[in-house]
Amino acid sequence: MEKKMAGFCIFFLVLFLAQEYGVEGKVCLNLSDKFKGPCLGTKNCDHHCRDIEHLLSGVCRDDFRCWCNRNC
């Protein structure tokens, strides 16, 4: 009886952990096509990429350009 209960608990533990560690798609970083001017604030770049270009997110990099993350 104890072996069945232990097996039952292990089964649900594995099932729970499998849900927590889902597979994520690959993300690519692309230069924004529509962002104008130097990228000085990541918040503005992120807003632009999400709301205007409908991508995942955006970030300013060392070259003062806005780079957007998208699914590959």
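Glycine too: its Cβ is placed from the backbone N, Cα and C atoms.
Here is what Swiss-Prot records for this protein:
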type: DISULFID; residues: Cys28-Cys72; note: disulfide bond
type: DISULFID; residues: Cys39-Cys60; note: disulfide bond
type: DISULFID; residues: Cys45-Cys66; note: disulfide bond
type: SIGNAL; residues: 1-25; note: signal peptide
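Swiss-Prot feature annotations superimposed on the structure.
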| residue | record | Cβ within 10 Å |
| --- | --- | --- |
| Cys28 | disulfide bond | 12 |
| Cys39 | disulfide bond | 20 |
| Cys45 | disulfide bond | 22 |
| Cys60 | disulfide bond | 19 |
| Cys66 | disulfide bond | 27 |
| Cys72 | disulfide bond | 9 |
* By CA-CA distance, flag whichever of Cys28, Cys66, Cys72 among the disulfide-bonded residues is nearest to Cys39 (disulfide bond). => Cys66
* Work out the three-state DSSP category of Cys28 (disulfide bond). => strand
* Taking just the CA atoms, what is the gap between Cys60 (disulfide bond) and Cys45 (disulfide bond) in Å? -> 6
* Structure fact -> Per DSSP (three-state), Cys72 (disulfide bond) is coil
* In three-state DSSP terms, the structure that Cys66 (disulfide bond) belongs to -> strand
* To do: Could you round the CA separation between Cys66 (disulfide bond) and Cys28 (disulfide bond) to a whole angstrom and send it over?
  => 14
* **Coarse DSSP state, helix versus strand versus coil, of Cys39 (disulfide bond)** => coil
